[in-house]
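> Heads up, here are the entries from TrEMBL:
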| type | residues | note |
| --- | --- | --- |
| SIGNAL | 1-21 | signal peptide |
| DOMAIN | 25-478 | domain 'Glycoside hydrolase family 9' |
| ACT_SITE | His405 | active site |
| ACT_SITE | Asp456 | active site |
| ACT_SITE | Glu465 | active site |
Amino acid sequence: MAPSLSLVLLIVLLSSPAIYAGHDYRDALRKSIMFFEGQRSGKLPPDQRLRWRRDSALRDGSSAGVDLSGGYYDAGDNVKFGFPMAFTTTMLSWSIIDFGRTMGPELKNAVKAVKWGTDYLLKATAIPGVVFVQVGDAYSDHNCWERPEDMDTLRTVYRIDRAHPGSDVAGETAAALAAASIVFRRRDPAYSRRLLDRATRVFAFANRYRGAYSNSLYHAVCPFYCDFNGYQDELLWGAAWLHKASRKRAYREFIVKNEVILRAGDTINEFGWDNKHAGINVLISKEVLMGKAEYFESFKQNADGFICSILPGVSHPQVQYSRGGLLVKTGGSNMQHVTSLSFLLLAYSNYLSHAKKVVPCGELTASPSLLRQVAKRQVDYILGDNPLGMSYMVGYGRRFPRRIHHRGSSVPSVSAHPARIGCKEGSRYFLSPNPNPNLLVGAVVGGPNVTDAFPDSRPYFVQSEPTTYINAPLVGLLGYFSTHSSWR
């Protein structure tokens, strides 16, 4: 008789050499949200908590005759990339929609983090038929190591329009605005309506003028945030969020009509700033599990397939687990996969619980509680339950990365060094073996690979660089586990 999937996974989970010291998820939640304040661009507000940061890039957009100040720097550089920024905003909103009730006093800060993103996205979409998708020449920026307050690199403005389409970044922007409209529906109804109206307009543009922004702006966005996966998934993703936000029949019909054409069943275990397939299937499946949308049944089948492909102990060529228990996928910094896929596991477990359902995986079944265990194991790994006994969140725990690949964190702050530090002058701080002088509290780095090894060194940017889209799904995970810390 074959063992149950729960038994198989329990053995895998418990056999990995971890510490299980117990964690202060509320503290980790607070810090994970505070990280976004360290990534802010523009005029900083009076309640800014990371005080070593100062105003920066106040004239962004001026070369194009528009105001594009604000928004977030995506990672350890000083470029504002619209594609990952929009995805970050979508995931922060989803975190609040599903797990905001358990965030306690940190909910208000999470909402502020969303609004910092949406205020910028509203500026970037203010002109009908145009989306400003990037501020800053990435090659110029990456040739320098300087804090954002001193930045003198090219702040070139890049846009998509009818003649130069970008359905991927426009579709994600529509998703972000629609998801955020749900966050503000009761908090600020007028702002919510503005977000939803803009999401509707941006999605219509993305759908009518189809194409990948990598083709329109190849030399600006590649190889940094190329759309490797195509724009089709973002159109479905945007429609899914607009359907959830507006409940309009047109978006439901769009999803049903375009499910096959836009390849909803492709790469079902991928989810991140470039590939939305697993997220689409989990998001839409909630309605099926609630008994409200049988016409979306195929999306639930895809979501079940995603679950079965991602669990430890179930063989799949694209997913593996390290000896220490870390989920590992190829491509870029690994923690982006860990947090985004774990978020989907947790979200789907809640949908299954409410529907009193389990996931069939061949002859085996996976229960909602098992999905939560797997997600929690990944969160605990990030917070220090790993072979190195290291937290991969800056400022959390006794041991965490001290030399992260981040310009603002590694160069002395304006208050400590008021004089300007130029483009190449900052190189000595990049090459220094000393810890970063400014603590970017809450930043989660790219982290270890399948060997569980981690070089705490700035030049190893894949491992040591934090990103906004690593933290955004983690906010939801920590929001849940700060109240539901039991393994059951």
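Cβ coordinates are placed from backbone N, Cα and C, and glycine is handled just like the others.
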> Rounded to a whole number, how many Å is the Cα of Asp456 (active site) away from the Cα of His405 (active site)?
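Computed Cα spacing between Asp456 (active site) and His405 (active site) is 9 Å.
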> Just the number: how many Å between the Cα atoms of His405 (active site) and Glu465 (active site)?
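Their Cα atoms are separated by 5 Å.
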> Using all protein chains in view, find how many other C-beta atoms are within 10 Å of the C-beta of Glu465 (active site).
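Around Glu465 (active site), other Cβ atoms within 10 Å: 22.
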> State the mean pLDDT for the domain 'Glycoside hydrolase family 9' (25-478).
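Across the domain 'Glycoside hydrolase family 9' (25-478), the average pLDDT comes out at 95.
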> Rank the active-site residues His405, Asp456 by the number of other Cβ atoms within 10 Å of each Cβ, and give the residue at the low end.
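Among the active-site residues His405, Asp456, the lowest count of other Cβ atoms within 10 Å belongs to Asp456.
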